[in-house]
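J.: So that we are looking at the same thing, I have put the structure below in structure tokens.
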Amino acid sequence: MAIIDLANPTRFMTLTDRLLPWLWGVTLLVLGCGLYLGLFVAPADYQQGETVKIMFIHVPAAWLAMFGYGMMAASALGTLIWRHPLADVAAKATAPVGAAFTLMALITGSLWGKPMWGTWWEWDARMTSVLILFLMYLGLIALWNAIEDPIKGGRVGAVLILVGSVNLPIIKFSVDWWNTLHQPASVFRMGGSTIDASMLYPLLICAIGATLLFLTLSLMAMRNEILRRRIRALRLVAAATPVGVSA
Amino acid sequence: MIEALGPHAGFILAAYAVSALIVLVVLGWILLDGVLLRRQMRDLEARGIRRRSARKAAAKASDVKAAS
């Protein structure tokens, strides 16, 4: 079966029905291993002490906040250029999951910032741009809920997603472009990671586990969105059918 | 265990607790939404309102039954 065949919502539902139990199993296994290594095996940082343990959830959450919006931007292109039947569904289903991971990044960052920086919040470029990302997620969810027709809502949402995607490079490079309180990139950078392997591997395993969790939740939400559209279509058919005649 | 987390144990535990809560709320919302949607779909099907593919499948099944 070619990848393009998954564009058929019925095939997508059948495939994800089989895939989701396995995906849940792998997610729990990888995330469980990552959190165990992060909490019980990785050493305390020489500067941050045990507070570094917050990084094993904060960093993956922050990466996935951007990854989720990136997925939505790719879906928006699929909606506007190829009119892919699942692209709009994917964008709409990913938004609440992305918003949740962005909120997680903001709260865990704040809980790390208070003991380390002495403040819960600072209006610096990185934190402000991530807060804007969170507000964009909420704005898109509100927009989709405000427009009755999902096709029309999908196209309007897709345009807004692409306009908002300008925020992604701002988030990524904010620590380089401006003088911020937030530390610069320490994992994916020219010259290699600055993190010791004893902390880097648990962090990467946590990131893989959190990514699997993100994808699993997004696939579940996509299945719901397909079902919601089918119900809407059936109701429209039922409303247009004279009483006593089967739809 | 909590003492081993040092003087900032409260912040570390709060970070993990809030993260778990956020994931559980999203998961609970998705599961509940799915249950409600499947119930609505079943109600529509019980009223004879079906998708074309479901009607074709039902017709094919009844043809096979009649032939046998």
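Glycine too: its Cβ is placed from the backbone N, Cα and C atoms.
For reference, TrEMBL lists these features for the protein:
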- A:6-182: domain 'Cytochrome c assembly protein' (DOMAIN)
- A:21-41: transmembrane segment (TRANSMEM)
- A:61-82: transmembrane segment (TRANSMEM)
- A:94-113: transmembrane segment (TRANSMEM)
- A:125-144: transmembrane segment (TRANSMEM)
- A:156-179: transmembrane segment (TRANSMEM)
- A:199-222: transmembrane segment (TRANSMEM)
J.: May I ask which of the stretches A:21-41, A:61-82, A:94-113, A:156-179, A:199-222 has the most CB pairs under 8 A with the transmembrane segment (A:125-144)?
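T.: If we count Cβ pairs closer than 8 Å to the transmembrane segment (A:125-144), A:156-179 scores highest.
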J.: Where else in the chain does the transmembrane segment (A:156-179) make close Cβ contacts, counting only residues six or more beyond its ends and a cut-off under 8 Å?
T.: 66, 69-70, 72-73, 75-77, 79-80, 88, 91-92, 124-126, 129-130, 132-133, 136, 139-140, 143-144, 147, 185
J.: Sort out the residues at least 6 away from either end of the transmembrane segment (A:199-222), same chain, that have Cβ-Cβ distances under 8 Å to it, and list them.
T.: 12, 16, 19-20, 23-24, 26-27, 30-35, 37-38, 41-43, 45, 52, 55-57, 59-61, 63-64, 67-68, 71, 86, 89-90, 93-94, 96-97, 101, 187, 193
J.: Could you pull out which residues elsewhere in the chain have a CB under 8 Å from any CB of the transmembrane segment (A:94-113), counting only those six or more residues past its ends?
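T.: Distant contacts of the transmembrane segment (A:94-113): 51, 54-55, 57-58, 61-62, 64-65, 68-69, 71-72, 75, 119-122, 127, 130-131, 133-134, 137-138, 140-141, 144, 210, 214, 217-218, 221.
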